[in-house]
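Participant: Mind looking over this structure? Questions follow.
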């Protein structure tokens with residue numbers, strides 16, 4: 001894992017969203033700047049003038065007049081400081097809420113650009129945590145910048161200006177001390193980055209493991225593996241605890257050094273003030289002003305150290321998502337895409353090969369065509385390459401060699417969204433959104449009428465069971481559709497595909513886990529779905545296989561047989577072997 005933070009890279013992603021709201025951004029710093037100058041610099045100076053007036057030895061009438069003038073000025077200063085801070089507060093609330101919304105949307109959009117394989121290779125919970133921390137960390141980052149670091153820099157600058165005018169000797173001491181303090185703080189923070197990065201990584205691992213366990217709660221219950229999962233989770237949290245404790249303890253050591261430096265400065269300044277007062281070089285009011293400035297300086301610099309730690313922590317959290325932004329997508333759209341010209345739905349695989357990154361070949365020089373409107377079944381032993389073919393056609397993965405064309409157009413030359421808009425896909429185990437049944441069905445075509453939706457639900461043999469639900473089409477299906485049975489989810493997915501009405505259909509039949517009634521409904525629904533479509537089916541059922549126009553038999557990524565059901569049985573090859581070893585009406589794989 002990289003332990004360096006590229007601030008320029010982070011700013012590269014943040015700045016476009018910040019500059020969209022430049023006015024509120026400017027008002028934040030303008031309002032707070034006015035408030036800080038009048039509260040932290042001018043107001044203590046007026047108190048100093050009041051004390052000097054009271055200790056001047058002048059007649060009481062003159063002291064009273066001076067005091068009333070100073071009191072009026074003090075009221076004006078307080079009023080301006082309050083107005084400045086309120087402008088800053090209201091502008092900050094508007095600015096941060098707007099930018100955070102943009103960052104949420106930006107993160108979501110960037111995640112969607114990645115391929116299906118990217119999500120298969122990463123914990124969903126970890127991705128969610130990183131995405132949420134990205135926008136939340138911006139809030140922390142900007143709060144610290146505007147409230148603490150900006151306050152500190154402006155206050156320190158104002159104090160030094162006043163001190164160089166009134167007491168140059170003490171001003172130089174303040175400046176030298178502040179330089180050393182900030183330098184030491186910076187060195188500590190630079191060292192602490194590594195601890196914070198390790199802590200952030202451990203936190204993401206905890207979130208990912210927690211999400212993975214909750215998603216697979218059924219497996220945990222079925223296999224009685226609660227004890228194993230608890231121990232496994234404890235190991236992950238133990239690692240997080242160690243890395244978090246190391247980060248916090250290093251921060252505590254930093255605080256100790258800062259406290260010692262502040263104590264030393266306080267002793268030195270008080271000693272110098274006593275000597276200067278003794279020599280009549282400064283007034284009592286100036287001593288009070290110096291003490292006020294010093295405690296103010298201590299407060300802001302103490303907070304500055306913690307603020308810098310928070311900044312590094314927020315940058316660390318943002319870096320996790322920035323690293324994802326910087327990843328090249330393994331499936332990319334062409335820079336100059338062609339317009340997809342869908343005519344008949346003629347699919348061709350020309351010398352198609354596919355290998356994993358480690359070099360293991362899964363498909364080698366595959367050649368076949370599916371004619372417009374033809375129904376083709378894919379069969380073969382497990383691992384023969386059936387699912388890989390569907391992934392390549394949908395561009396969930398890209399060919400290593402060769403090309404796939406639709407109506408003589410290479411699918412790599414068109415936008416992925418355009419390609420998938422002409423293909424309806426029904427997976428073996430459909431996953432539904434945690435939304436209503438209606439929302440899940442019309443997801444493929446949101447602008448349809450209720451009548452059209454109900455019509456496809458009837459064609460998919462889903463309307464009957466939906467109507468019996470307490471809330472009908474407005475029933476929430478639960479996360480991943482867990483409130484519905486496997487057969488019900490399959491029929492909702494078929495209805496969704498019917499509504500899409502794409503010229504090409506890719507489907508993976510449900511397995512024998514379905515009951516016979518659901519099986520019958522789904523068979524009828526598949527028949528309705530395949531009408532007038534170029535269809536590629538990973539076929540499991542005998543009834544489906546027999547009805548295919550052609551059957552392609554795969555073995556080790558190669559086509560070993562191709563023909564109708566009868567032709568392949570007569571060849572007495574792999575297909576005949578699969579057929580003869582059928583179980584319960586399903587081809588044995």
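Here the Cβ of each residue, glycine as well, is placed from N, Cα and C on the backbone.
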Participant: If you look at how TrEMBL annotates this chain, which of 70-95, 96-121 comes out as transmembrane segment?
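Facilitator: Here TrEMBL associates transmembrane segment with the stretch 70-95.
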Participant: Look up transmembrane segment in TrEMBL and report which of 200-220, 221-241, 284-304 it refers to.
Facilitator: 284-304
Participant: Quick test of your reading of TrEMBL: among 50-69, 170-189, where does it put transmembrane segment?
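Facilitator: So the range that TrEMBL calls transmembrane segment is 170-189.
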Participant: Of 140-164, 315-339, which span is tagged transmembrane segment by TrEMBL?
Facilitator: 140-164
Participant: With TrEMBL as the source, which of 253-278, 357-382 is set down as transmembrane segment?
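Facilitator: Residues 253-278 are the ones TrEMBL records as transmembrane segment.
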Participant: Output the single range from 21-42, 70-95, 170-189 maximising the number of Cβ pairs under 8 Å to the transmembrane segment (284-304).
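Facilitator: The stretch with the most close Cβ contacts to the transmembrane segment (284-304) is 170-189.
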Participant: With a cut-off of 8 Å between Cβ atoms, can you find at least three pairs linking the transmembrane segment (21-42) to the transmembrane segment (140-164)? Only pairs 6 or more residues apart in sequence count.
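Facilitator: When sequence-distant Cβ pairs are counted, the transmembrane segment (140-164) touches the transmembrane segment (21-42), since at least 3 lie under 8 Å.
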